[in-house]
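All remarks here apply to the structure that follows.
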Amino acid sequence: MDDLRDKYISLIANAGDEAALEDLRVQAVGKKGEISLAMRELGKMSAEERQAAGPRLNALKDEINSALAAKKEALGDAALDERLRGEWLDVTLPARGRRQGTIHPISQVTEEVTAIFADMGFAVAEGPQIESDWYNFDALNIPGHHPARAEMDTFYTHRGEGDERPPHVLRTHTSPVQIRAMQDQGAPIRVIAPGRVYRADYDMTHTPMFHQIEGLAIDRDISMANLKWVLEEFVKAFFEVDDVELRFRASHFPFTEPSAEVDIRCSWEGGTLKVGEGDDWLEILGSGMVHPKVLEAGNIDPNEWQGFAFGMGIDRIAMLKYGIPDLRAFFDSDLRWLRHYGFAALDVPTLRGGLSR
Ligand code: DAH
């Protein structure tokens, strides 16, 4: 019995893991274990022998069982220690940045402009970026031979061999949306149309794709005075200044008569732009009273209806408002630039909550 005891106590002490320990348990005190078998021998003994051996065997069984339990607990603690060492985490390390995306300044400014005009009763209209040359030119009173077609550095699509129809173009301005909106909705109408436009041009101040926002208001008695008021309200709200001075310069566009380009008073003192003060003027848009031929192209009777239109460069006014010096950076997809100039995703511009941060 002493041999059995010594053997199992030392085997248990040396067991490497819980599986080895379980094997030992079965070997010693399992149904067919050595100690259980020894207990069965008790039946064959004489009464005296049994009286001496029985309690000792029971004590041995208890001793082995508690050695097994103690070892099992020790092995469990060791396994936990091992796991804690492996999964150790330094909670004092700085957290990793969340790398949230940002809203591009062009999108933000488009939202701002839309919010301002929505407040004045303008709905948003849309048109395709690949446009027929009729919508992009003819309907806007720019006939085939007109120099404006050449001036616009138009991107043309290809027609198939032998297809004599005029090619589609990448729209060179948002003005064709005027025609589509008039055809769709008739008069009276008040819409703005923000979107991408394309011209084959590339330098510091030109990219082959850029953004415009078109405005159109047609009713029975709309005049240049309405145009002036709407634009002044817009500029005050957009640049967040109380007073601005706009300068209407006579100009020419085939689709408006009379036509005006609009400049805004500003100062570049100290290298930063201030809107509403100073002695400089900055052109921000083209505008005018919609030409009767354009109304006709939109199926609106020019003897009954009249109105104004304007077209503004979104990229231009975004650069002005947020002090962004190089137009091309807008479209470089440089993450550092986007993080610097981008807007938080929940920073939705509203007239009540403030247009910009
Ligand atoms: N479409 C013109 C351009 O891209 C801008 C423009 C001028 C739009 C006068 C208008 C307008 O609606 O009335 O240069």
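We number each residue from 1, going along the chain as drawn.
Yeah, the Cβs are placed from backbone N, Cα and C, and that goes for glycine too.
For the domain 'Aminoacyl-transfer RNA synthetases class-II family profile' (107-349), the model's pLDDT averages out at 92. If you look up TrEMBL, you'll see 107-349 marked as domain 'Aminoacyl-transfer RNA synthetases class-II family profile'.
Under 8 Å, Cβ to Cβ, and six or more positions away along its own chain, Glu257 (Mg(2+) binding site) finds Gly288, Met289, His291, Pro292. Under the heading Mg(2+) binding site, TrEMBL lists Glu257.
DSSP classifies Glu257 (Mg(2+) binding site) as strand under the three-state reduction.
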